[in-house]
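K.L.:
Copying in the features that TrEMBL gives for the protein in this structure:
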type     : residues : note
TRANSMEM : 26-48    : transmembrane segment
DOMAIN   : 39-340   : domain 'G-protein coupled receptors family 1 profile'
TRANSMEM : 60-80    : transmembrane segment
TRANSMEM : 100-124  : transmembrane segment
TRANSMEM : 136-156  : transmembrane segment
TRANSMEM : 189-212  : transmembrane segment
TRANSMEM : 288-312  : transmembrane segment
TRANSMEM : 324-343  : transmembrane segment
Amino acid sequence: MANTSEFGESNPSLQNYASTASAVKLASLGLIMGISLVGNASLSLLLLKDSSLHKAPYYFLLDLCLADVVRSAVCFPFVMASISHGSAWPHSPLSCKIVAFMSVLFCFHVAFLLFCVSVTRYMAIAHHRFYSKRMTLCTCVAVICMVWTLSVAMAFPPVFDVGTYKFIREEEQCIFEHRYVKANDTLGFMLMLVVIVGTTHVVYVKMLCFVYDHRKMKPAQLVPAISQNWTFHGPGATGQAAANWIAGFGRGPTPPTLVGIRQASHPGNRRLLVLDEFKMEKRIGKMYYMITLSFLILWAPYISACYLRIFVRGAPVPQLYLTAAVWLSFAQAGANPIISFLFNKELRMRLRACLPCCLGTQTPMEPYCVI
């Protein structure tokens, strides 16, 4: 202890560097936590309040946002406490295991849920009729429950020392202890995470190939037959004209046999219903792919460092790189609402509609087709 104090007294610049580094870590993590809490809470309230957003893709987005809120509110304060105590865990070993369990739980939850969303996005594009019939609220709840069950199954075994949850001083968090492969059994968990993320991107590539193969196909449009004098030829032609008129597509005088029957009215974009749905599904698919891509980019540096420590005995990972990788994985908690509003026009319009007081004039909203 005397040597340590003498070393600290003889190196004031080292102490200043350590205090500055701790301040930067606390400030950056506080900013990440604030953005995550405000952004995810705002998006969650919007998804709950606006009934037009009560559909399958946004149920999954709501689950993502709520999970990020819990992760930011529960896990990040413990990291800040460890930084404040000089990169040391100030609580009991049991609390360290609980925090580590929750951190791994939320990581696998995002990975599993994004995989399930990629499958539903492919179904919405390639098998839209089946998707629109089967993807109900109950189906979404079942998928979300399955995702949480799988996530718990992946995160719970290390609590019983199958793998090891410990406080990692270099990372300033409680997480897996990634040692050499012969001395640790966390390799399976890391491989599972990589397989899930890779399979998710394969599904999106398959969806992109489907869209590319069908790019020359014209979208279906409801173009009914129109006649001004109601003169048709062929069997059933007059009946078809009457059905068209009742459905609201007929123009001109009322057929003599339909006098007194009210003609149905349709919005002006009714003929482009299928095209509008296709554009909306593509827009939602793009948003979710950007969320998946951000998850890969933000977690890739940390996963690479973990694999390096697993496969290379005594691999020296630079402290600056490791700290940046850990903080990038933290930043993923606040990225989803930013990406959602940037790449989803419908969410931006609904947000402006919910905040008329913040704008000079309220922008009229375009009609959207509900899945």
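Using N, Cα and C of the backbone, Cβ positions are placed for all residues, glycine too.
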K.L.:
Would you call the transmembrane segment (100-124) and the transmembrane segment (288-312) in contact, using three or more Cβ pairs under 8 Å, pairs 6 or more apart in sequence?
P.N.:
yes
K.L.:
Can you name the far-off residues of the same chain, 6+ from the ends of the transmembrane segment (189-212), with a Cβ under 8 Å from a Cβ of it?
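P.N.:
For the transmembrane segment (189-212), the list is 104, 107-108, 111-112, 114-115, 118-119, 121-122, 125-126, 154, 158, 163, 176, 178, 282, 285, 289, 292, 295-296, 299, 303, 306-307, 310.
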K.L.:
Which whole number is the mean pLDDT over the domain 'G-protein coupled receptors family 1 profile' (39-340)?
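P.N.:
Mean pLDDT across the domain 'G-protein coupled receptors family 1 profile' (39-340) comes out at 79.
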